[in-house]
Amino acid sequence: MNEIIMSVLVMGLIAIVLAVALIISSKKFYVPENPLIEKVAALLPQANCGACGFPGCAGFAKAFVEEPVPGMRCPVASAEVLKAIGEVVGRNIAEGKPMRAVLHCNGRHSNVQKVSEYIGIRSCAAAHMLYTGDKACRYSCIGYGDCVKVCLFGAITIEDGISVFDAEKCTGCGLCVKECPRKVISLVQKRISNVRISCSSHDRGPVVRKNCKVGCIACGKCVKVCPKEAITVAPGSNLAIIDDEKCILCGKCVAECDTMHAITADGRVVKAVEIIIKKKQQEKEEKQKAAALAAAGAAGNAAAPDTKEVKS
């Protein structure tokens, strides 16, 4: 019994000595942290998405305060948050353009042919490594949701075989862009509305038409109607590309591509497209009426009897 008590006392004494040693060490070797770091970290979204290049919001806050680099910013933070952080650290922070993710594919099950059945891990990366996918288009969105898994803001869902992005929830962190094995997701300016090429196929037109109802065939009509030369088709690419910086959201390209629907839009551009298409339809009907009247007049003139008098 005495041995047990002695053992407990010895262990307790050792614990006390070690605890005192730790307390003394922590006091002696304590490195005070800049209080600004905690203040900056408190203002950040705490998403810990890593889009800034640091492992988390705390890491970004520490680097931002102690080792600032020109252009360093949190891509997820709003303009108000950036302004508040600037006031805390006492310097102006350049506001970057708000970004959002968009999908360059409209390969829904209702638009693209299904050629096989995938049996395996429901992962885009796994399916992409094994084969081209269960859709006829080898460039299409696989639709197994790898982007959904990495999105920390619930901005992505899978609908009818493709990823659908909620523009309001998307913060433009870019994690989905990095995760997509097909590279059919990109970041564009977060504006009132967006116009985008909803296709990533580099196949020739006949192949695209065979595989997908709404693929880009690089016909060049959109290039011709764009008033700002914001659309190009690079030689050999077989795919139109929109320069987001030049695009003025007029909607003319969307209306011109109404047959294949390879160019899609959202927001107010949709209204503009409806007006343009309606105007085009009216002009077409007026031309048809004019042609019909001209044809009727020509037929009437041909059927009229010759009333010229014959001299005796």
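Every residue number used here counts from 1 along the chain in the order it is shown.
Heads up, the Cβ atoms here are built off N, Cα and C, so glycines get one too.
According to TrEMBL, CYS137, CYS141, CYS147 bind [4Fe-4S] cluster 2; the candidate from CYS74, CYS180, CYS216 that the record adds to this site is CYS180. Cα distances from CYS147 ([4Fe-4S] cluster 2 binding site) to the binding-site residues CYS52, CYS57, CYS170, CYS176 are smallest for CYS176.
Its Cβ placed at the centre, CYS151 ([4Fe-4S] cluster 3 binding site) has 24 other Cβ atoms within 10 Å. For the domain '4Fe-4S ferredoxin-type' (161-190), the residues of the chain that approach it from at least six positions outside its boundaries are 45, 47, 49-51, 75-76, 97-109, 112, 124-125, 128-129, 135, 139-143, 145-155, 196, 200, 244, 266, judged by C-beta separation under 8 angstroms. Among the binding-site residues CYS137, CYS151, CYS170, CYS173, CYS180, the ones whose Cα sits within 10 Å of the Cα of CYS52 ([4Fe-4S] cluster 1 binding site) are CYS173, in sequence order. Within 10 Å (C-alpha to C-alpha) of CYS74 ([4Fe-4S] cluster 1 binding site) lie the following binding-site residues from CYS137, CYS141, CYS170, CYS173, CYS176, CYS180: CYS173. Assigned with DSSP, the residues of the domain '4Fe-4S' (32-91) fall into helix, strand and coil as follows: 30 helix, 0 strand, 30 coil. Take the CB of CYS137 ([4Fe-4S] cluster 2 binding site) and look out to 10 A: across all protein chains shown you find 24 other CB atoms.
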